[in-house]
Amino acid sequence: MAGGSFGPAGVAKERAQQYKGRLTSYVIIACTVAAVGGSIFGYDVGISGGVTSMDTFLEKFFPAVFVKKTQAHESNYCKYENQGLAAFTSSLYLAGLVASLMASPVTRKFGRRTSIIFGGLSFLTGATLNASAINMAMLLLGRIMLGVGIGFANQAVPLYLSEIAPTHLRGGLNMMFQVATTFGIFIANMINFGTQKLNWGWRLSLGLAAVPALLMTVGGILLPETPNSLIEQGKIEKGREILEKLRGTKNVDAEFEDMVDASELSNLIKNPFRNILEKRNRPELVMAICMPMFQILTGINSILFYAPVLFQSMGFGGNASLYASALTGAVLFSSTFISIATVDKLGRRALLISGGIQMITCQVIVAIILGVKFGNQQELSKGFSILVVVMICLFVLAFGWSWGPLGWTVPSEIFPLEIRSAGQSITVAVNLLFTFIIAQAFLAILCAFKFGIFLFFAGWITIMTIFVYFFLPETKGVPIEEMIFIWKKHWFWKKLVPTKGEGEISNSVELDENVIEP
């Protein structure tokens, strides 16, 4: 073995200081093209809320909701409460959950590019079905195909970006996925605004999802496979060749040896899903579950899915609600660049904790305003309406530079190669499971909790901010093939991760005993 004897937790040596290379145009182009995969997720998140507030769409597929919407005596918070309408939004994410688990063996055996291409083709099919839907069956089938596309794309793209990027820039480049996601949301909001007056506007909105899907498919065909995946498939020389191109140097011995070490171990693991359940992989498993779960429990998807519906429920007119949702989409897109500029300097923990504090503050203020100034058959005054929009924009801003991108970045970079595809599948599945739950339940929760829904999400943000403070070690600047060492130094996780002498690492490697405290 290239690096000597090692065990199931990762490579034998810490060689990060020996990594050579620079940020090449090859990396920038590959990451940019791959990140387009995020735009299909974002486009759907943005387009769904706008389409479900269009009268022509509601009249055709959800006439009961259209009638309820026009009834003046209906509670402001309950105008859109309908499980069929919620199912239109949430069915995609249930399909994506199942697809993400199917994508794991495909991504591992056939490479990241294959999953990206298949995801693009599935999403293209779904967009076509939705745009041409003449009944509920076609509409839901289209949503399911969109979900399959998102399941494969979300499984493969973050992995691709993490494996392509140089270690010292991995956080920023990985966030290209989030940039594409937020850009997709913003473009979707703009399209909804432009099509709302057209009788067939909803068809155009849903059909234009084919554009990012086509870009993703073509991009996947043109992209190089990651060195990690090539080596894992036994194409060792090809893997080194691609690595040299990505790093812009022939001196890639240290990084290449880490990849070969990890690949040799990975090929010994026949069942990654069973392996990830073992005690030594407990830290990674906990993060794969908690990070995507907490990302959704911020409440961001509720705002993004149902922004027009939410603002209309608050008394904004149709045009005003779409203006407000377009504004939140623009804020989310721009805020991601703050994270890109700071994540590899300030680190993951600082952004997650500070973002959490800002989000809690905004949610509580909105809840107080709605609780005191807003009720059934009432509208907010102009001044309070503006204040609500400002608070929601500040909330979205904080999410955009913290939990938005880092909810994907952290899980994609912490797994050793032998469980990486399984770990990413769990991350995506949990994300889509909670997205499904919130999408399906939000309109009913809004009706039941009223302004308290913002306090509900504020409570969850408080819990997850505390979780990060105590249990998430800093991963800034740590090579993904050597991530095992951060758990061995952490005050809590070192109790679970076997150390030398317990069969995990047999090389004479002395770990720094300095504990990473919260």
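For all residues, glycine too, the Cβ spot is worked out from N, Cα and C.
The transmembrane segment annotation in TrEMBL covers 23-43 (among others).
Residues or ranges marked as domain 'Major facilitator superfamily (MFS) profile' in TrEMBL: 30-476.
Per TrEMBL, the feature transmembrane segment maps to 85-103 (among others).
Residues or ranges marked as transmembrane segment in TrEMBL: 140-161 (among others).
Look at TrEMBL and you will find 173-194 (among others) tagged as transmembrane segment.
Sequence annotations record features per position, and here TrEMBL assigns transmembrane segment to 200-223 (among others). Here the transmembrane segment (200-223) has long-range neighbours at 30, 33-34, 36-37, 39-40, 43-44, 47, 50-51, 54, 56-57, 113, 116-117, 119-121, 123-124, 126-128, 130-133, 142, 146, 149, 153, 160, 184, 188, 191-192, 194, meaning same-chain residues at least 6 beyond its ends whose C-beta is under 8 angstroms from one of its own.
Summarising the annotation, TrEMBL assigns transmembrane segment to 285-308 (among others).
If you look up TrEMBL, you'll see 320-343 (among others) marked as transmembrane segment.
TrEMBL lists 350-372 (among others) with the feature transmembrane segment.
Long-range contacts of the transmembrane segment (384-404) within the same chain: residues 178, 181-182, 294-295, 298, 300, 303, 311, 314-316, 324, 327-328, 331-336, 338-339, 342, 351-352, 354-356, 358-359, 362-363, 365-366, 369-370, 373-374, 464, each at least 6 residues beyond the stretch ends and with a Cβ under 8 Å from a Cβ of the stretch. For 384-404 (among others), the entry in TrEMBL reads transmembrane segment.
According to TrEMBL, the transmembrane segment annotation covers 425-445 (among others). If you look at the transmembrane segment (425-445), the same-chain residues 6 or more away from its ends with a CB under 8 A from one of its CBs are 80-83, 85-87, 89-90, 93-94, 96-97, 100-101, 103-104, 107, 147, 150-151, 154-155, 276, 285, 288-289, 291-293, 295-297, 299, 301-302, 305-306, 309, 407-408, 411-412, 453, 456.
For 451-472 (among others), the entry in TrEMBL reads transmembrane segment.
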The transmembrane segment (320-343) versus listed stretches 23-43, 173-194, 350-372, 451-472: most Cβ pairs under 8 Å:
173-194
Where else in the chain does the transmembrane segment (451-472) make close Cβ contacts, counting only residues six or more beyond its ends and a cut-off under 8 Å?
286-287, 290, 294, 297-299, 302, 348-349, 352-353, 356-357, 359-360, 363-364, 366-367, 370-371, 374, 403, 410, 442, 445, 492-493, 518
